[in-house]
Amino acid sequence: LQRPKLLMSLTVTSVRLTGTKYGCGGGGCGACTVMVSRYQPATKTIIHYSANACLLPLCQLHGAAVTTVEGIGSTKTRIHPVQERIAKAHGSQCGFCTPGMVMSMYALLRNKPHPTMEDITQALAGNLCRCTGYRPIVDGCRTFCQVQTNCCQANGAGDCCLNGEGSTDESEHFLPLDPTQELIFPPELILMAETGNPETLTFCGERMRWVSPASLEELVQLKASNPKAPLVMGNTNIGPDIKFKGVLHPLIISPTRVMELFEVTQTPQGVWVGAGCSLSEVRSLLQKLVPQFPEEKTELFRALIQQLGNLGSQQIRNVASLGGNIMSAYPNSDLNPVLAAGNCKLSVISTGGRREVPLNPDFFVSFGKTILKPEEIVVSVFVPFSRKGEFVRAFRQAPRKESSFATVTTAMRVFFSEGSRVVRDVSIYYGGMGPTTVSATKTCAALVTRPWDDETLSRAYDVLLDELVLPPSAPGGKVEFRRSLTLSFLFKFNLEVLQKLREMVGLQFLPLPREIQPSLQEFQVRKYPSFKDQSVQDPVGRPIMHRSAISQATGEAVYCDDIPRTDGELFLVLVTSSRAHAKITGLDVSEALRLPGVVDVITAKDIPGKKVRTMFGYHEELLAESEVSCIGQMICAVVADTRAHAKRGAAAVKISYEDLPDPVFTIEEATEKSSFFEPRRVIRRGNVTEAFETVDQLYEGEIRMGGQEHFYMETQSMLVVPVGEETEFKVYVSTQWPTSTQDAIAETLDIPSNRVTCHVKRMGGAFGGKVTKTAVLASITSVAAWKTNRAVRCVLERGEDMLITGGRHPILAKYKVGFMNDGRIVAADIEYYTNAGNTVDESVLVVEKILLHMDNAYNIPNLQGRAAACRTNLPSNTAFRGFGVPQSIMVVENMVNDVAVVLGRPADQIREINMYKGPSVTHYKFEFSPENMLRCWEECKVKADYSARRRAVDQFNQQNRWKKRGMSIIPIKYGIAFAESFLNQAAALVHIYKDGSVLVTHGGTEMGQGIHTKMQQVLLLNLLYLTKKTFKSISFVFPFTQNACQTLYQRLEPVRQKDPKGSWESWVNAAFFEKISLSATGFYRGPDLYMDWDKMEGQPYAYFTFGACCCEVELDCLTGDYRTVRTDIVVDIGRSVNPSVDIGQIEGAFMQGLGLYTLEELKFSPSGLLYTRGPSQYKIPAVCDVPLRFNVYLLSDSHNPHAIYSSKGIGEPVLFLGSSVFFAIKDAVAAARAESGLVGPFSLDSPATPERACLACASLFTQKIPASKPGSYKPWALNI
């Protein structure tokens, strides 16, 4: 092959095991986790470990057994306890990440059948989920812990979160975990390992050779004759380079079978560890050694254990090697600073013999380069024992606490003369402060021979500041933050050393809390005291498991790319623009067409029908023809027989450009040039100008909020199959709006819509990102299928998906607010500017929704809002869960917060004073009752024990200088339905078959939100009413289904009257022979909603969903790291049709909001290129970000006459409540600023990343950093 064939491609193509999912291709999401087992002849043991199939080269798996999710259980045989428990704990929504979660947990249980919670969170740290919020996954896995932590029931809830399918039992009966029933290791592999005479393995491909030598001598000879050939152990470094950077290595050497690289030798001075040992093996070796020696001898060991626990994920650590980590010489390596500070050394070998090389300041030469000669091989690493009076510590700060490259990492070692405070020796190394691991030699010189006291340290800070300088445009950005961290880490080391010297016991700096506590999911008080009293025939309101959860957990659930390949199928890869604003002067595809496997290149000229999609009067080209307006705009597409050939073909397409002047990237540039998408919107009530003259105080502020990537686990996927006659096509596509995709393909191919059939089984997440862009991608794919008359598949790589498809709109908002001294807000004027990108997409609708929600929960008598969608040369932004509301309300809440700070009053009091009360009218003249909103607010304060905890937070802050806690409570009022009334209609087709089974076809799509599960509950209830010979007319969950069921009921009535004691099956059979139609369509018009923007009034929503959320965080002021200690959410969702599904939606939305407001950052280069194109650069919340206590309560006694069964829409509203974490962080930052004498409102933009939080704290260390003058340099990234 062109590159080493990976296990992932084997499971999908050759052996048809599609349970292992392809999420990112770089080992960053865990969706492709499998278990690898190997036999160790030396110890006669079998080891099991989890690994990422997307990085595992097949060539390397000689002699190993691989277990995929299909191998541990299926619905056809038996399901495994792990699969069952994750499913029954409601830990699977869209299900795309579930097989990976299952395999991570399964590998842990094979090694440790009774894990601790720490083991579980570590095992799951490398698995991302965008749907669930992780809590139910952790709860399902928690049931394997030896010490059972009580679940919800023991914590006072009547109904258990694990009460699954129709369960009326008080406790769920799980399948027991029986280790004796697991798959055995293949005996033939044991035999092969015991008797085999190791020989060199060679694999040859199209452009690459892979050699695995069997002895050290052979390895040395091979490397001597091929010094440029890389050594590959875990493929965690070379693999991504080949895949994402297109690096080609004609020869790869894999020394995984050279035994000398895995030997461990103990000496009186320390321990030699084989360079081939995996990081997991190194960590467990050190953990075994620590208790065997006195504490003073294991300082370095413990620092290494700590860093190894944070380095990568479990799957990466299981395969990445110690030697590989050192030799890759990454500037922000976590291990190299510790090894260098600890005076470690390497034993290297070449044809010239062995030598020892110290890890000292000279070892790291430049980016990715060390002092070693190309032909030299690291055999082992010496880790010395520490001495009495010697202290070693390591610190790191990363964008996310786990599975994240460090921003800055450091190791510090100090050695004192016995019984004294005089420094005899010290070494300090930093990662992330330049192109290599750097030594702070001048700072060390300022410390040596001096006593360890404040005077010495004070001098050291100044020396360090001058020694480690970063230019303001340094790669990676965050320059002030990184420089500040160098000082903060030295200060932390100082605190630890003082603690050790027993000088100041009270100064101990404890780490942030991390133990996940059992949480509470409280269902509504129901019409029945318990499920036992509810009719067995009434499934509505029960916490029924997601109907596909088991098949998702076993890997049997079929997603778009799991559909088997058809004969002659082609793969499509897009070619995108590399310029943000330019004319296309040439497109040369000749070289691409000459490559093996390439069949054709599709350009705009090939489109037989409409070449554009039109929205709001603006045209979006499917494929750019003469001009490009952003990096990532699609220009053409290469179709080939395989994905690899198509990618190679796409790379060979040559495009020439002529740059156009003055590209627009930021909101400021757009407003300056009046680059907007029309119409811009305005809304007002009262008279703001007059009101401003009557108020006690005025305040003006602004806030900037970054965008957000959807990061659905399944990337954009589609398969277009020509039927073979009358230009008919079957389209299998992962889309939220099949009708739009059908229309788009028909228009593009210039054929009637009835020739296009769209199939949507399920999506692996969507969140608004699979609507407009999916239709465009499907149109391009259909042109390829039409032109070649062959099936064409298009599945975007994660990086392509992030580059092309856009995300949530970033905003800049400015506000002026007038208020009285008693806290009443009398007037507010708010301007919103969104960065829409290069096409209009749905930006105008987003802008409208922003203005319609700008009041949130507050009755502001004089309110004016203006909003504009800015046209820029960035990829077009699109719909995203919340659709403008999370941006809109964020600004309002920040404004209310500022009012509270100006008045010196608690923010919750100002919120309460200004809330809607009694019969109310919004600023667009829509009448509603805020009663349930106020109930949510009050109940949230009670459930969260707000007053007592607020006092405890204040006390904590008085007692801690460098750690602060913050609290906030935030309300929401979210309008449900569409002001564009035609979007509220829906239809269903209900078939009853002769055997009595029922099929419902409807316009909804399943993306993890459980629409099919709820549909089944409702339909089952309706059909059961039929069988009980009484029909209750109920306001229905899905009115279109009810409509069809009523029709069928009336048709079956005569048959039932003839045979009242008959069964359902007999009635249906009789109806068939009486020629009664057993098919019916149902239709629901939906409410007639509208918004008149000229009159600034209307009824754009059917009703409101209300909620409130209280969060408490603990913040490390020196690094900006935080942990959400506790979250309490109360939501009014009417009467829940399925409380477990609804709570899953609430938790998932909250965690996505937590990511939006505190973690996720999209970074663009000064030329408009998206830097953050995968999970290694773009961090979504992981298990380490779940609130330590995460309680969700559904408001009881709530009724909603505007929707079925009194239920309410719940998927989108709660996302905004993630902002309560942002405001809790801001509260903690305010406490830190107060210590520095800074009071009053301050600016904190969203997301409140560690960088922003740390700099806002304005500690004495951040104040030492000189600020770079804007305009005097070109920043590494744009401030979007």
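The backbone N, Cα and C atoms fix where each Cβ goes, glycine too.
Automated prediction, rather than curation, is the source of TrEMBL annotations.
Among the features that TrEMBL reports, active site, proton acceptor is placed at Glu1212. The [2Fe-2S] cluster 1 binding site annotation in TrEMBL covers Cys24, Cys29, Cys32, Cys54. The FAD binding site feature in TrEMBL is assigned to 231-238, 321-325, Asp334, Arg396. Positions annotated as substrate binding site by TrEMBL: Phe883. Feature annotation from TrEMBL assigns domain 'FAD-binding PCMH-type' to 203-388.
In sequence order, Met8, Lys21, Tyr22, Gly23, Gly25, Gly26, Gly27, Gly28, Gly30, Ala31, Asn52, Ala53, Gly100, Arg798, Pro1175 are the same-chain residues whose CB sits within 8 A of the CB centroid of Cys24, Cys29, Cys32, Cys54, the residues recorded for [2Fe-2S] cluster 1 being left out. Using a 10 Å Cα-Cα cut-off around Phe883 (substrate binding site), the recorded positions Cys29, Cys32, Leu231, Met233, Ser321, Glu1212 reduce to Glu1212.
Across the fold, the C-alpha of Leu231 (FAD binding site) and the C-alpha of Glu1212 (active site, proton acceptor) stand 48 Å from each other. As a whole-number mean, the pLDDT of the domain 'FAD-binding PCMH-type' (203-388) in this prediction is 95. Candidate binding-site residues: Asn235, Asn237, Ser321, Asn325. Fewest other C-beta atoms within 10 angstroms, Asn237. Here the binding-site residues are Cys29, Cys54, Met233; the one with the fewest Cβ atoms within 10 Å of its Cβ is Met233. Comparing the Cα of Cys29 ([2Fe-2S] cluster 1 binding site) with the Cα of every entry in Met233, Asn235, Ser321, Gly323, Arg396, these being the binding-site residues, the smallest distance points to Asn235. Comparing the Cα of Cys24 ([2Fe-2S] cluster 1 binding site) with the Cα of every entry in Met233, Asn235, Gly323, Asn325, Glu1212, these being the recorded positions, the smallest distance points to Asn235. Looking only at Cα atoms, Cys54 ([2Fe-2S] cluster 1 binding site) sits nearest to Gly323 among the recorded positions Gly323, Arg396, Glu1212.
Note: the Cα of Ser321 (FAD binding site) and the Cα of the residue listed as 'active site, proton acceptor' are spaced 43 Å from each other. Looking at Met233 (FAD binding site) and Cys32 ([2Fe-2S] cluster 1 binding site), their Cα atoms lie 19 Å from each other. When other Cβ atoms within 10 Å of the Cβ of Arg396 (FAD binding site) are tallied across all protein chains shown, the result is 27. For the binding-site residues Cys24, Cys32, Leu231, counting C-beta atoms within 10 A of each C-beta gives the highest total at Cys32. Non-local neighbourhood of Gly323 (FAD binding site): Leu231, Met233, Leu261, Ala275, Gly276, Val378, Val381, each in the same chain, at least six residues away, with C-beta under 8 Å from its C-beta. In the structure as shown, the Cβ atom of the residue listed as 'active site, proton acceptor' sits within 10 Å of 20 other Cβ atoms. Cys32 ([2Fe-2S] cluster 1 binding site) and Asn235 (FAD binding site) are 15 Å apart (CA-CA, integer value). Taking only the Cα positions, the spacing between Arg396 (FAD binding site) and Glu1212 (active site, proton acceptor) is 35 angstrom.
Around the Cβ of the residue listed as 'substrate binding site', 23 further Cβ atoms fall within 10 Å across all displayed protein chains.
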